[in-house]
Amino acid sequence: MKSLTRISALSLVLLALPAFAKDGVTNPAVKARMDTMQVIRGSMATLGDMASGKTTFDAARATEARSAMAGAAAQIVPGFQAPETDPVAEAAPAIWETFDDFSAKAENLVTAAEALNTASLDGLKSTLGPVAASCKSCHEGYRLSK
C-alpha cells in the first residue's frame, strides 16, 4: 500500500509540472527533446491514473503506454548528446558536464519502462515505482525549474 501511495503521489507531482512541449521553442533539437519528454509524461499519466484507480485499468492501453514510454526513453541519450539550448529549455548544463551519469539514468528509465508489467493492475502497480524513481532521479539534477 505504501508503494501505491508513493506512486500516486509522484504521479501527481509529475503531472502538476508544466508541460514540456512549450510554445516559443526556436531550436529544433530542443523541440524534439521536449516532444520526447511529452510522450514520456503522457505515458506516465496514463499508467499512473490506472495504478491509482483514477481510470479503469486497460491492459491494451497500458501496453501501448509502456511501448511509447520505452521508445521515447530510448531517444533521450541521442537527443541530448549535443549541448543544444533554447531560452525556454529546461535542460540543465549539468547534463553535458556529467553526461555519463545522465546517460546511465536515462538508460535506467528505458530498462524500467521495458520491465513494466502491463498484463494486470497488480503487475502495473508493482512495477511502476522504478519508472517514477527513474524520472525523478533525472529531474532532480538535470532539469531547470522555470
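Glycine is treated like the rest: Cβ placed from N, Cα and C.
Copied over from TrEMBL:
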type    : residues               : note
SIGNAL  : 1-21                   : signal peptide
BINDING : CYS135, CYS138, HIS139 : heme c binding site
Site of maximum Cβ density within 10 Å, from binding-site residues CYS135, CYS138: CYS135
Non-site residues, in chain order, whose CB comes within 8 A of the mean position of the CB atoms of CYS135, CYS138, HIS139 at heme c: LYS105, LEU109, SER134, LYS136, SER137, GLU140, TYR142, ARG143
Neighbour tally for HIS139 (heme c binding site), based on other Cβ positions within 10 Å of its Cβ: 18
